[in-house]
Each structure stands twice: as structure tokens, then as C-alpha cells.
Amino acid sequence: METSSNSSGSSSSPPSQHQQQQQQNSQLNLSSQSCFSNNSSSAADFNNYMESKLSEENNYYKNFNSNLDRGDSFKLEKESIKDTIKDNIKEDKICNDNNNSSSSSSSSSSGNNNNNIKDGRAPSPITTQQISPNKLILNTTKAITKPTPILNTQQTPTTTATTNTSTSTTNSTPSKFKKIKNSTINPTIEFISKPSLSVMFGFSPIYFVESIFIVLLIYILSNFVLKETSVYVISIFVIYFVIYFDNRYQIINKLSKSSINDSDSSSNNNNNNNNTTTTNNDSASTKGNNNNEISSPETYQKDVKSKINFYEHVNISSTNLNNVNTTSNTPITNPSNVNQPSNITTATTATTTSTNNNNNVNNSINNNNNNNNNNNNNNNNNNNNNNNNNNNNNNNNNNNNGNNNGNNNGNNNNILSKENSTNSLLNNLILNNTSVGKTHNRSSSGSDSIQPPPLPTGGSSHNIFYSAFPTHPYTDIDQSSTYRTRTFGSSSINNRKSLPPEYYNQYLNFLAHSNNNNNNNNSNTNNNNNNQSVSAPVSQLATPVYQTPGTNSVVGNLENDNENNNDSFSDINDNNSVVGNDFEQDDQILQNNGISTTTSTIVPTNDETKQELSQLENSNKVRSTVSKFIKLSTGVEEKLDWAIAQQCTLQPPRSSHSVTVYGSSLVLIGGEGITGENLVQFIDVERNLFISPKVTGGKVGPESIYNHDYCRIGNKFYLFGGYVAGKLSNKLYVLTIMDDSTVHWSSPRISGGCIPSPRYGHTFTRYGNRFLLFGGYDGEQCLNDLYILEPETMCWSTVTNIKGGQTPSERFGHTSTILGEKLIIFGGKGINNNNNNNNNNNNNNNNNNNNNNNNNNNNNKGLVELNDTHILLLNEIDSSFQWQVASFHQVSEIPSERSFHSATRVGRNIVMVGGKKDDSNGNPIALRDCWVLSYRMQWSKVSGVQFSPPRYNFGLIKNGSKLFILGGKGNNNNINNNSSSGGNNSSSSSGNSNTIITNTTNTTNNNNNNNNNNNNNNNNNNNNNNNNNNNNNNNNNNNNNNNNLSILDDIWFVNTVTLPISSSVTMINYSDIKIDKEIGKGHFSKVLKGNWKGKDVAVKKLNSNKDKAREEMIQEFKAEVELLGSLQHPNLVTCYGYSLNPMCIVMEFLPSGNLFELIHSKPSEQQQSIKLDSTLILAIAFDIARGMQHLHTRNIIHRDLKSSNLLMDKHFNIKIADLGIARETSFTQTMTTIGTVAWTAPEILRHESYNQKADVYSYAIVLYELLTGEEPYQGIPPMNAGILVASKGLRPELPDNCDPNWKKLVVWCWSEDPNKRPSFEEITNYLTKTF
């Protein structure tokens, strides 16, 4: 059975291209001659015939396999025929004209080998004479004489390498492992990955594996990585993205499963070696014998045509890309001398810019967000301006001031804003005299393939990718994971799987058709250079547009010049590079370029396209979701309802004063126009009491003082700077509170000669036992110097040991607040180093208007309000400092520019309120918005009922759980004109728009900007006149506003602690509570999280006690509930009610955890700033002492006071919990040991009688935890520690560097003799007078 390589009936030389085409067409012919045509037999007869033939084939192969010992001829025959019958469609092999004609490639079978069935007759056995030379060249020395029927496609594919001289074959008998693989492993894998199961039954084994992965990932993130973040937040993100990528995998697998696998096995077989072909059939996908079920000819023909259509576009056309019309895909005869007509556009261009610097090019930008300017440069001097207007509204209706078609002429030829970067929705790509071909064409891997032109770079810091279909606005997605974001010139193009082009074609046709419906009001923009205006149809834009939730705020380097019209790109880079990288406002870019962001109601016919479009629509919701979860993860209250103290007002009114807390009273010092006995005043807001204390040392004290700042240590207040008796001062005054009716003034002697200059508007902040002075205004210039005052030695010193960082610019009227080991400085009025004036943000050639802007923005000697945040890192170890500029998340808002606002600490957060901002004429505009800066450096705007009127130079202080605003300066008559409501960020008088929150830009006068943006309009004179009138009106309003400003006397407050729903405890039906999950469990009870009346609650469900009768248990339970219900205090956990069946107590839910977790949690790299500082330690100590004082006034002993029973709310207010074992004093004289050993008093451990002083001992142990951050008796077993405490007087060891005032209090509280321990009333007084 040997024969030569030419004995197979085929010519040794390859056939012509025409013959190859005929042979392939004969294999793919599914026309009227197919087995289901009108002239053929029925499908049932044909199936019967095929079954009989298949049984004959099986019998033949049984005999064939049994006769394998006859020689290698059968092996060669089987291997050769297996390779030859693997039918490959036309797309498996398309060679370029320059490729070697003798090269060949392998083919892979997908299971259906009946392509040669004609006229209803069974196919004749295939011999090597029937195989095209292009499909297989047999260079063997053995002949095949016996014709062989069609092989069963379930046989294992093998790998064969054929050459001109020899052929190496492998044993075709499947090994034991291959049999197991074919019979067990492959069906199992196919069953697991089969997506139809999840559709039919809602579940498949792959989802079980994913579920385990999700649970494990959430556990790792919540326990080791993101300890401070709620597990619910992590769960939502993990589940969302896992399901999202799984759905994407299902879409890609469904669309490209039948075609992509075939292309992978044959795309790399096109080599230029001499007559050498390597065939790898292991990667071919054989999925069983499909001869028993043959699809209808229409279905199969449609599938074949779709495959052919896909692989026709795999190799790029031989036509040069520079000479191709992208609309019709036809060559351009003379591209070098032809200007681009209107039907030539780039596939990804939605907002394009001019790049020809040799010509005088004027780029026009429509300020009404209705035009999309596409400037295509040619070799000629003429410029084409393509205006694509996708808005249904008339352009004349989009500007309130009547500036309808204002043009902005700039010297820069390439106008790119931050949003036109690589991460934006639109890629700015223009190639001179070049138009890109179809978006789904891919370059061939052959040696003569045409490489696409290089991409223009967008700057040194940006890697621009070719994103023809940038459906995802986020850059976290791998740029090489999909076809849509691949780079030009990639070396792995042939090996990468890709979505079929028909999917993209349907998607683009859908978008183009959708956009074309809105193309009703296209207009041309007139250039001053009389350039030709060409209107390009929207249908040619092959860039998808997605819809996002509407928003009027602009995040990034954009300015909003009008409240209802965001119409100006503000930042232009002179060297034609992208300025920034803000991905959040891609929809804003579309609006600014005239592209409609509203999706059409047209429904695509392709199911996969529908599913993908739904995925894209869902991805747009991630922006708002991320912003919401960021705010939730910070633990910041987003709503505060301010209320006015009805019966209490300041007498007299005050502004520019200082306010502090002493005990339960508020202390007011100084103020503008305040003199005499009212210079110092005590206020009790709840009881409406005003006390002017007796002043001693009055001759030393100031006659009047305002615009100063102070620091406090105990009962001493250190005041520096400001106006004293109407003059700027640099003198230091000390006010000592002797008691509630007496204060004493003194002026200490300063040692050394380094004394700060006189100033006002500075900040004076306490850090440890030192005072930090920063900034101010000395009457001539702003300052940014930094001083330190040692109160013990009264010595000033300048800070010189700053390790690095950028020092904040000179400023005054700012705020400085200690947050951990950081000094946070925000806002103020001074010199803006980043943008000295806003002319740098305007693209305008009109020098007169530039001068007008310069004059308006540089009022008050060139000083402007600021909204930057700077951080001074404080290191107590080496007393070194380092400046940093705070960076915030891109999707977050930040407060607008302001000065003379107020800020204070609330837990681990900073609350900032109010302030002022000068308008273009220098008139102050008061603000009233409220913001919170978390310890994670995340700003959050607080909603709720706002105080009124807006104000600045007021006092802000936290007393207990309440925030107070006292006095200030504002407009008390025209509230509506001066204040904003709801979500407005700032307020202004009539005619001025609200300030827009941006990250890096400063707002400018809106009317002046509109004036500048309308210089190229035919109605220029009229617009200028209108703007001048507006300016005059604004000036008049502002002057009136300035005249109406007055000193205020009102007091506003807000409670930061959740108030109880009702004043008394009521019985609650257990069915009314929606139980969520179990959050804790103990020996006597378990705690469940639930919801009652729309409020999160904690349900403490008691376990049944078999030793007690039910009636006895109910009586004790009711007594405990009544006791808890009567204890309404801000520092005690609120009890809402109870239920008898089952027995449970409903209490408020506190999700922030307990004090033990806060102190002893191991800080990660991201949590270094969470360290407890002296301010927070003092606040926590005060809260515990106040809560326990309230318990003891009711003759109640807690008996289990420890850090794990001290819960915290969102503002880190302490709530004393676990009062279940608390008893009245008369019932606890002889009870046995209760509580935790480390926090239990020694008299209880000795089983002696005890009283309220046992809780004082526990309080001392909690203070030890706060001061040291360590657990008590660490390393000693609890039982041994209890014995040593009870018998040997063991106590935890305080470190040597502990503050002596704190050490004194701790030692006092854990005295061995209970009678020597202080009461909680004495503790609160000690804290007030000492710290």
C-alpha cells in the first residue's frame, strides 16, 4: 500500500487561486442542491440512511483496530484521512499574494462533516484524490488504496507534521488517559461551563465555585485588608463585579465560541519556510458526531456566511489606509490633493482639534454646549470645521443672557480639556490626510501587512490607547483584555480572541441610527477666516454614547459660568497636551460638544447586542454608587437639622469673638464692639442663663479684643493677636476662670526675642502642651509663617525643622484643626499660587476683556478666597514637621472658596460651617453650607435644615453631643437673596450664580466670562450692553447687601446623637420588627440586628432559664426594661421598647463598633492616621464620665464597665451599653462576682460588699487603655491576674512618658480603698479644670 507523494491523484504543484476558490465553494455549497432541496428525499429517509451508514462505519473500525498489527500502513491511512476530512471553511486559510504558494495550514473540525452531501445521496468515501492540495500535501512513501468512509468525529485529534521529504506519525490508538479524558473529564468541564443550565434552572456548578470564591474574598477583605470598611459595602462591590465579569464572559463565549477557537488553531500557521507546514490539531474543538442532527439549510447557510463575513475582515485590506474612504471603504484616487469631504470622518472622532501650527487656524467652541467642532487639517491653508449638533433644542434657547452663538477664538491650535484624555469617553484623534478604516479590521501577521499610522501622544504622563468602542469610563479595566481597547502594532493580535465584527456593526448601526434621529437642528459655526464649513452627518460617527444620571456639577478643571449653562472649557495646555485625567464627566464632554447623551428608543434585533447594551447602561450607574459608598464608608452623618434656640439670644450681639466650653456652660470672650463687663460672658443655653463674671486684674486685661484666636489648657485661656483697643496687637493675654462668677486677666512676660508680628485672621492651635501659630494679615501683606509657643516657659520659636513639602501660600481667615497627628488647614483669603488670576483659564484673544477680568479678579490687592487643604504632619518623637497637600477622591466634592468660616472637632471628623466670599466688586457674600471632613480625608456635604441667615466671623463649638453656632455677621433682612437652599454650595445676591464645586479651578465673574465668550458674535454690541447692565445691577445689589450686613445675636444648635423615638418604653409586637441577622451572642442572650419603624435597632433576645418560673422571669424582665427606659441620656444606649413573646429588648443600633475595637485594632498602612490623639481621648473620657454620673445619680451601678461595652455612634460619641446586669444600689451589696476580671474592682473579686466606687475602678482601667493602647495585664492569665489584683494590689503599669495630669487621675481612680476614689462628678470637674 505504498505510493509516491504524487500518486494521490493531485498535482504536485498547487492549483491556481481560481481552482482553490471553486473547491472551497463546492465544500460550502448549501444551495438548492443540498440534501434538503426540493429534488432530494425527505429528511427522515436521509437520517435512516445515515444511521445505517454510521453502524457500518463502526463495524469497519472495529475490524480496522483489530488489524493494526498488519503494519504501519493502516496507521498512516487513519492519520492522513483524519487530517484531510477535518473540514475548514473559507476563513481557515486566506493567504496574501506575497505569501509562499506552497504553504498550507491545518483545519479543525467542529463535528459536522457532511458538507459534501448532494442530491440526497450519501457521500462517497473520501480518498486522498478528493483532497485539495491546498488542504493537505501527502509527502509519503506509502500508498493508500482502500477508500475509507467518514471518520467518527469523536476520535481524539492528533498532531501531525508533514514535510517534503518525510512524515512523522504517532500511534492513533487512544491511551487510557485519553479515553478517560474523553469519557469523563471533557463532559464534566462542558457540563460545568454550560451557560444554558443557569438559564433553565437558575443554577449551575460553576456558580457554586463562584459563591465559594466570593465568600472567601469577602472574608479576606473584611478581616485583613479593609477592617474599617463595612462588610456590606465590600460584599456589594465583590458580588457586583464578579457577576458583571461572569456575564461578560458568557456573552463573549456565546458570540465567539464557534469562530474564535478555529481561528486560534490556524492563524499562526502561515509561515514563509520552504515547503514546511506544521499542523496542530490539539487545539481544535471536536464536539461529537453531529451527523444525526442536521440543521436546516437556511440556518446553516446563515452560520457559514457569518463566519465568512468575520474572517474576510481578519486580514487588513491591501489598500493603503491613507487612501481609504471610511464610509464606503473605497480607495481615494488622489489623497494628497483632495480636501476631505464631509463623508470622510474618523471612526472614533467625536471631539477633534486642529494640529496644524503652520496655518492660521481659529478653533471655535460653542459656549452653549450644542456644537461639536471637528477641525480636519489638510495640506492646504483652508480649514474644515465640522459641526455635529445632536440636540433637539434650538441653539438660541440655551443661553439665559441671549448669547446664542458665541465663539471663543484662541491662540492655541489644539484645544483639549482634562476630560478629553485617554480615559474619557471620546478619544481626540485626527491624522493629517489620513482616515482610519473600518473599526473591525485587524492587521495581518504576514510580512507585507500594512501597519496602521502611529497614534499622537497626549503628553508624557499619558499612554493613549486606541479605543474605538470605549464603553467603560473607568480605566481599571485592562487595556489589552478586549479588542476594543487594543493598541496599534500589538505583536499578539493573531493569538488574541475578539468579539465578532457583526456584533460591533449592529451596535454602531444602532447608535448611528439613534443619533441620526436627533440630528434635526444642525448648524454651521462661522470662522473669522472665512474657512469652509462642512456639516458631517451624525450617522458617520462611530463612537458610542452612553447616558449617565444628570448632574450640573463639574468635577475637574472646568468652570461653570452660568447656573443653567455649563458652556466653557477652562483649561488649555499651550503645548497641545492633555491637561488632566477626569473620567467622571464624560457625559459633560458629550454635552459640551453637541452630542446628545439621551439614548434612543430603537430596540436592536440582536439578543447579544441587547444584553451588552444593558451591561453598558448598568455600568454608568457605578459612578453614583461609588460616590455613595465612599460617603457611607467614612461613617459621616450626611444630614444635620439645625434648630434655633427660641428663648436664648446673645446679649449683646457678637461677631469675631471666641467661644469655648467650661463644664456645662459656654464661655464667650471678646467680639467686635464689645467692651467693659460684657467682654467675658458665661451662657447656659438650656436654662437661658447669662452671667457676666467678676473680673480681677482688669488693668492688665484688654479693653476690647476681636479677630483674635485662643488656646486652652484647663481653666486657662491663652489669647493672641487680633485688634486690641482698635489696633493690631501681638500681645499674649491669659484668662483664668477661678469659678462660675470670677475670672482673672494676666499678661505673662515673654522670654526670648522671637515674637510674631501683630496680625489678625491667624490660627492659634493647641497640640499636646504646645501652641502652633500660622498665617494672618499684618495690615499690609498676608503671612504664612509658623511659630510655636511653649506655655510653661512662655517662649516663642519659629519652626525651622520642616523636612519637606510645599508650604501653603500666604493667607488669613482660614481654619486650623488638629486631627490625630495632623494639623488640617483649609481655605482662607490670600494669594493663589496655582492660578494668580482666572485669565489663564480663558481662551480669548481680546485683550480688553482680559484686562477687565484681571481687574475684577484681582480686587482687594490681588487676594482671592481659597479652598485648598494643607496638612502639617506632626512628629512628637523628633519634633519635626512636614507639609503635604491633601488629595481627594475624584468623584468627591470639596467646599467652595471661602474665608472667615469656622471648624471644630466632632469625634474623629472635622465639621466646617459657613464663611464668606467676596464678589467681583469686593462685597462680601455670606455662606451657610455645612461640610464634614473625615479622618480618611474625605469631604462630605451635609444636608438637612440649615441655619439662617448665612454668616461669617461666628463662633462654633461642641458641648457634649450638641453643636452650637453663636452670633456672627450676616444679612438679617434679605435672607432669600443671600442664602442658598438644598444642595447649593454657596449663596449670592441677585444676579450672581451659585459657586460651583471644582477640584482645581477658581470661579470667575460669570457676566465677564459671558462677555469674553461673545466677541465673535454678530450681536456683540448688544451682548456687551446686556452684560454691562447685569454688572450694574449686581453692583447695586451687592452694595445693598453690604449695607444690610449686621452683627447677629441668634444661637443655633444641632444634636449629633440620635434622639429616642419616644420618651417612654412601650411594648412592641415582635412581628413588627424585621430581623436582619445575628450580630452577637452570649451566655444569657443573643443580639440581632433589625428594623423597626424605619430605624435600625438592636434586638437583645434573652435565653430561657429552666431554673426559674416563667412568671418570675417576666417580672424581672419588666423591671429591667422599666429601669432602662427611664435612663434617657446622650451617653447611654437608648431603649425603645420590649417584647414578651419572645422576651427581648429593642435598643438603638450603633454600627461604628465599640471602644475596645478602636483601641486595640492593629492599624494597617492606610490606618496610620486613626491613632487616638489627646483631643479625642479627652472627649471620650468626658462622655464616659457624664454617662456614669447620670447612672449614679439614679443610684444605679453598672458593674461591668469595660471598653467593649462602650459603643460609638457615627460621630464617636460614647454610648454606655450592656446595662442588663445593672442593679439599684440596695440590691447589690452582697452579690457575687459579676463582670470581666481585668476591669473588676478588687472588693468584688474578694466577694465583699461594694458600691458605686466599683465603677470608678473600672473607669480607671478604661483610661489606661486609652492612654497606652494596650490591654490590661497583657500576658497574664485572667485568673492569675484576678488573684493578684485581689490579694497583692496588682495594677497595670503606666509608661514614664504619660502625661502627669492623666497619671494622677488614673492612680486616683484605682485606689485600693474605695472611699479614696473620686466620684464621677469630681472626675468631670477635674477634666474640666485640668484639660
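Cβ atoms here come from the backbone N, Cα and C positions, even for glycine.
Source: prediction; values computed, not measured.
Listed in Swiss-Prot for this protein:
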- Asp1200: active site, proton acceptor (ACT_SITE)
- Ile1079, Gly1080, Lys1081, Gly1082, His1083, Phe1084, Ser1085, Lys1086, Val1087, Lys1100: ATP binding site (BINDING)
- 1-42: compositional bias 'Low complexity' (COMPBIAS)
- 96-116: compositional bias 'Low complexity' (COMPBIAS)
- 153-175: compositional bias 'Low complexity' (COMPBIAS)
- 259-287: compositional bias 'Low complexity' (COMPBIAS)
- 288-299: compositional bias 'Polar residues' (COMPBIAS)
- 436-450: compositional bias 'Polar residues' (COMPBIAS)
- 514-531: compositional bias 'Low complexity' (COMPBIAS)
- 532-555: compositional bias 'Polar residues' (COMPBIAS)
- 557-577: compositional bias 'Low complexity' (COMPBIAS)
- 834-860: compositional bias 'Low complexity' (COMPBIAS)
- 1073-1331: domain 'Protein kinase' (DOMAIN)
- 665-710: repeat 'Kelch 1' (REPEAT)
- 716-769: repeat 'Kelch 2' (REPEAT)
- 770-816: repeat 'Kelch 3' (REPEAT)
- 822-868: repeat 'Kelch 4' (REPEAT)
- 909-959: repeat 'Kelch 5' (REPEAT)
- 962-1008: repeat 'Kelch 6' (REPEAT)
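For the repeat 'Kelch 2' (716-769), the DSSP-based tally of helix, strand and coil residues reads 0 helix, 29 strand, 25 coil. Spacing of Lys1081 (ATP binding site) relative to Asp1200 (active site, proton acceptor) is 17 Å (Cα to Cα, whole number). Mean predicted confidence for the repeat 'Kelch 3' (770-816): the pLDDT average there is 92.
Under a cutoff of 8 A between CB atoms, and with a sequence separation of 6+ in the same chain, the neighbours of Val1087 (ATP binding site) are Glu1078, Ile1079, Gly1080, Lys1081, Ala1098, Val1099, Lys1100, Lys1101. DSSP assigns the residue listed as 'active site, proton acceptor' to coil in the three-state reduction, outside any helix or strand.
Rounded to a whole number, the C-alpha distance linking Ser1085 (ATP binding site) with the residue listed as 'active site, proton acceptor' is 16 angstrom. When Cβ-Cβ distances under 8 Å to the repeat 'Kelch 1' (665-710) are tallied for each of 716-769, 770-816, 909-959, the top count falls to 716-769. Taking the Cβ of Lys1081 (ATP binding site) as centre and 10 Å as the limit, one finds 11 other Cβ atoms among all the protein chains shown.
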